[in-house]
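Colleague: Sequence annotations record features per position, and here Swiss-Prot assigns transmembrane segment to 30-50, 88-108, 133-153, 165-185, 214-234, 280-300 based on sequence analysis. Swiss-Prot lists 89-300 with the feature domain 'ABC transmembrane type-1'.
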Amino acid sequence: MINNRENMSVSERLISSRQNRQLDEVRGRMIVTACALIMIAASVAITIFLGVKGLQSFLVNGVSPIEFLTSLNWNPTDSDPKYGVLPFIFGSFAVTILSALIAAPLGIAGAIFMTEIAPNWGKKVLQPVIELLVGIPSVVYGFIGLTVLVPFIAQFKSSGTGHSLLAGTIVLSVMILPTITSISADAMASLPKSLREGSYALGATRWQTIRKVLVPAAFPTLMTAVVLGMARAFGEALAVQMVIGNTRVLPESPFDTAGTLTTIITLNMGHTTYGSVENNTLWSMGLVLLVMSFLFILLIRYLSSRRKV
C-alpha cells in the first residue's frame, strides 16, 4: 500500500509539474503575442493618423500635390501663400547622402581594423568609443557643432555665419558613424574562417584577402549598415536644426545655409494653429518622411535578402 501511495504521489507530482510547464508556456505565448499586437497596433495607428493628417492639405485645403513636391517657394504666411517643399526635400537628401559619403568609408575602415588588422586589442579600444558615441544625445552633437564647427566654417566664408549644409553634414556623419561601424564589424566578424584560410592558402596577402575576399563577401551587410545610417540621418532633426541655418532656398554650395523636412517641422509646428493649412502641410511633410522611412526599410530588406542568397 505504501509503495502504491508513493507511486501515486510521484505520478501526481509529474502530472502537476507537466501542467505547470504547459501553463507557463501558455502564459509566455500570451504575453509575447500581446506585446506583438501592441506593437503592430501602435505602428498601424501612427501610420493611419499620419496618413489622414498628411492628406488633409491636399483633400481638404486644396493644396496641389505637384506644387507641394516641386515648387521652390515656401511662404505659408503670405497673402498669396506658397507651399512648395522641394528645397527641404533636397536639403534632407543632400545632407543624408553627403554624411553617408563621409561616414561610410570611415565606418567600414574602422570595422576592418577592429576585426582584421588588430582583432586582439582593436575591438577593446574602439568598441567603448563607439558605444560612447551612440549614447551621446543629439542635442550634445548639435551644441558642439554650434560652438566649434560653425565658427570654424565661418572663417572660410566671405559673409554670414558658419551655419551651412556642410556643418549639418559633418555633424550627421559623426552621429551615424557608430551605427555603420558596429554593424560592419559584426558583418566582418561573422564571415566563416574558411574564407580567410582558403585565401591565405592560395598565397594571398592580408590586404588582398580583405579587399578581394572578405569585403565582397560581406558587401550586402555593409550596404545595409550604410542604409541604416542614412535612415537615421534622414530623420534627424535637433542636431541638424542647430547648425544648418534653416532657410527656405536651395543651397548652391555646401557653405550655403539650407533646410530639411525635419528641421522645418520642428521649427514651425509649435507656431501654427491646429487644423490650419500651414499645420496640415507640415503634417504632409511628416507623411513624406514616413514614406521615405518605408523606402529605407524596403531597401534594407532587399539587401538582407541578397545576403541570405
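Here the Cβ of each residue, glycine as well, is placed from N, Cα and C on the backbone.
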Colleague: Need a quick answer: max count of Cβ pairs under 8 Å to the transmembrane segment (165-185), which of 30-50, 88-108, 214-234 is it?
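Modeller: Comparing 30-50, 88-108, 214-234 against the transmembrane segment (165-185), the winner is 88-108.
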Colleague: With Cβ distances under 8 Å as the criterion, find the stretch in 30-50, 88-108, 280-300 that has the most pairs with the transmembrane segment (214-234).
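Modeller: By the under-8 Å Cβ criterion, the transmembrane segment (214-234) pairs most with 88-108.
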Colleague: State the non-local partners of the transmembrane segment (30-50) in its own chain: residues 6+ outside its ends, Cβ under 8 Å from one of its Cβ atoms.
Modeller: 283, 286-287, 290
